[in-house]
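J.: Sharing the feature lines straight out of Swiss-Prot:
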- THR26, ASP93, VAL180: K(+) 1 binding site (BINDING)
- GLY150, ALA151, TRP152, LYS176, PRO177, SER178, GLU179, GLY230, VAL231, ALA232, THR233, GLY254, CYS286, GLU387: NAD(+) binding site (BINDING)
- LYS162: active site, charge relay system (ACT_SITE)
- LEU246, LYS457, GLY460: K(+) 2 binding site (BINDING)
- GLU248: site 'Seems to be a necessary countercharge to the potassium cations' (SITE)
- GLU252: active site, proton acceptor (ACT_SITE)
- CYS286: active site, nucleophile (ACT_SITE)
- CYS286: cysteine sulfenic acid (-SOH) (MOD_RES)
- GLU464: active site, charge relay system (ACT_SITE)
Amino acid sequence: MTTLPVQQLYIHGQRVDATSGKTFKTVNPATGEVIAEVQVASQADVERAVQSASEGQKVWAAMTAMERSRILRRAVEILRERNDELAHLETLDTGKALAETTTVDIVTGADVVEYYAGLATAIEGIQLPLRESSFFYTRREPLGVVAGIGAWNYPIQIAMWKSAPALAAGNAMVFKPSEVTPLTAIRLAEIYTEAGVPAGVFNVVQGPGREIGQWLTEHPVIEKISFTGGVATGKKVMASAASSSLKEVTMELGGKSPLVICDDADLDRAADIAVMANFFSSGQVCTNGTRVFVPRSMLAAFEAAVVERVKRIRIGDPMAAETNFGPLTSFPHMENVLRYIESGKAEGARLLTGGGRATEGALANGAYVLPTVFSDCRDDMTIVKEEIFGPVMSILAYDDEDEVVRRANDTTFGLAAGVVSKDISRAHRIIHRLEAGICWINTWGESPAEMPVGGYKESGVGRENGISTLGHYTRIKSVQVELGDYASVF
């Protein structure tokens, strides 16, 4: 039995039926029960969404920046008024603890919308004199219609991260949420409409990425793709975007991020950071610090401190106020994480805690995996090399700074990195040598609206959040003006 009615598409300011005649089911990962059936967009539906966006964008771009700013600020007010309602739906769909979704997902996403609402009026060009009778100026103009393709771990937050700068700059967006967690994107679209965003400026099309995502990346009207997901899919999106019409792309992809504990670090602080960097959101965070490098001299003490903290994690019904660790977001993903755990055991890593499903009582019905910590890990182990995207920490011993920097950088990923040390000069020195786009010293994981997010190497292209992102949703037009006579050479 489903909990919610059939979920439609959202095109031109209203919910509309898809024309494909197909649906898919979205499942509550805490119980295995179907939440809703979701309609799948056809190619004709995607075309309708793009054309609607093209029409709406012209209306939106013709407004003054101050008008757009006021409308986005009103959307922020509505988001905050409905925080608990949206958080409840997000928990139902993702399995994340309600204690997390009520304080992080909508709250921080709304912060990003508010941030870009404030910047909408600050988009400006330059003017420079060339000589007494001539000068040039530049204009930053919106790209037009852009597409956002979201991930399943932070559905509504990612939708806001992608749409806020796009809309602030005067663009329209066609957004495709993950088919694993599709429910809150339409609620966001309705809030934008209620706030006064013109019809068509934020449309939502549902369905599998291999179809909907491909149609969006190849569409000649779409000028930019913002994608969050895996590396392999990201490469396909980038190739498709380039082959169709040389679209600009922004990609936040995978990670296998190092957390370096220095020998002068406070043990309790280091253990607290390591546990947060691995088990927040049940380990389903792109920036997780899953490779924890610890000085050999403090390895035993660090292991004990981490295990002590893991035992305090409260696994349970994500709707319960006391729960701070819910199920993984889907059953197929749970099976994948369990395979990685078994590979860690088979390749000789020493299991300190966890190592399988949580099956006590009602937990057996959900996609629960115990917080898992391995030690005696080697750089060539599968659990150390590949992104697991689950609650699995790998502890690696090291002997000196040069060694740990070399090993930390020995990866195709470069999303995040962190250092824990009482010596701030030392921490800066190590951070500056690490090949990662998002770094933390003596903390982990916070991504404020003002801070650019993105990776090095195969972890991504471009950035989300921060001032510079706004520029990537505009294009520069240069205009020269001649005030004097024009002298032809002919």
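Even glycines carry a Cβ here, placed using N, Cα and C.
I'd like these features described in context: how deep, what's nearby, how far apart.
T.: Note: VAL180 (K(+) 1 binding site) has non-local neighbours THR26, TRP152, THR329, SER330, HIS333, i.e. same-chain residues 6+ apart with C-beta under 8 A of its own C-beta.
Around GLU179 (NAD(+) binding site), the same-chain residues at least 6 positions away in sequence with a Cβ under 8 Å from its Cβ are PHE24, THR26, VAL38, GLN206, GLY207, PRO208, GLY209. According to DSSP, GLU179 (NAD(+) binding site) sits in a coil region rather than a helix or strand.
Around the Cβ of LYS162 (active site, charge relay system), the number of neighbouring Cβ atoms within 10 Å comes to 27. When secondary structure is read from DSSP and collapsed to three states, LYS162 (active site, charge relay system) falls in the helix class.
DSSP assigns LYS457 (K(+) 2 binding site) to a helical segment in the three-state reduction.
Within its own chain, GLU248 (site 'Seems to be a necessary countercharge to the potassium cations') has LEU143, GLU223, LYS224, ILE225, ALA241, GLY462, HIS472 as residues 6 or more apart in sequence whose C-beta sits under 8 angstroms from its own.
GLU252 (active site, proton acceptor) carries a strand DSSP state (E or B). Cβ contacts within 10 Å of GLU252 (active site, proton acceptor), excluding its own Cβ and spanning all protein chains shown: 28.
Of all Cβ atoms in the protein chains displayed, 25 besides its own lie within 10 Å of the Cβ of CYS286 (NAD(+) binding site).
In the three-state DSSP scheme, GLU464 (active site, charge relay system) is classed as strand. Listed in sequence order, TRP161, LYS162, PRO165, SER226, THR250, GLU252, PRO452, VAL453, GLY454 are the same-chain residues at least 6 apart in sequence whose CB falls under 8 Å from the CB of GLU464 (active site, charge relay system).
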J.: Round to the nearest Å and give the CA-to-CA distance linking LYS457 (K(+) 2 binding site) with GLY150 (NAD(+) binding site).
T.: 21
J.: What whole-number Å value do you get for the CA-CA distance of LEU246 (K(+) 2 binding site) and THR233 (NAD(+) binding site)?
T.: 18
J.: Take the C-alpha atoms of PRO177 (NAD(+) binding site) and ASP93 (K(+) 1 binding site) and report the distance between them in angstrom, rounded.
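T.: Distance (Cα to Cα, whole Å): 12 Å.
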J.: Of ASP93, GLY150, PRO177, LYS457, GLY460, the binding-site residues given in the record, which has the fewest other CB atoms within 10 A of its CB?
T.: LYS457
J.: About how far apart, in whole Å, are the alpha carbons (Cα) of GLY150 (NAD(+) binding site) and GLY460 (K(+) 2 binding site)?
T.: 14
J.: At its widest, how many Å does the recorded NAD(+) site span between Cα atoms of GLY150, ALA151, TRP152, LYS176, PRO177, SER178, GLU179, GLY230, VAL231, ALA232, THR233, GLY254, CYS286, GLU387?
T.: 24
J.: C-alpha of ASP93 (K(+) 1 binding site) to C-alpha of THR233 (NAD(+) binding site): distance in Å?
T.: 23
J.: If I take the alpha carbons of VAL231 (NAD(+) binding site) and GLY460 (K(+) 2 binding site), what is the distance between them in whole Å?
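T.: Here the two Cα atoms are 8 Å apart.
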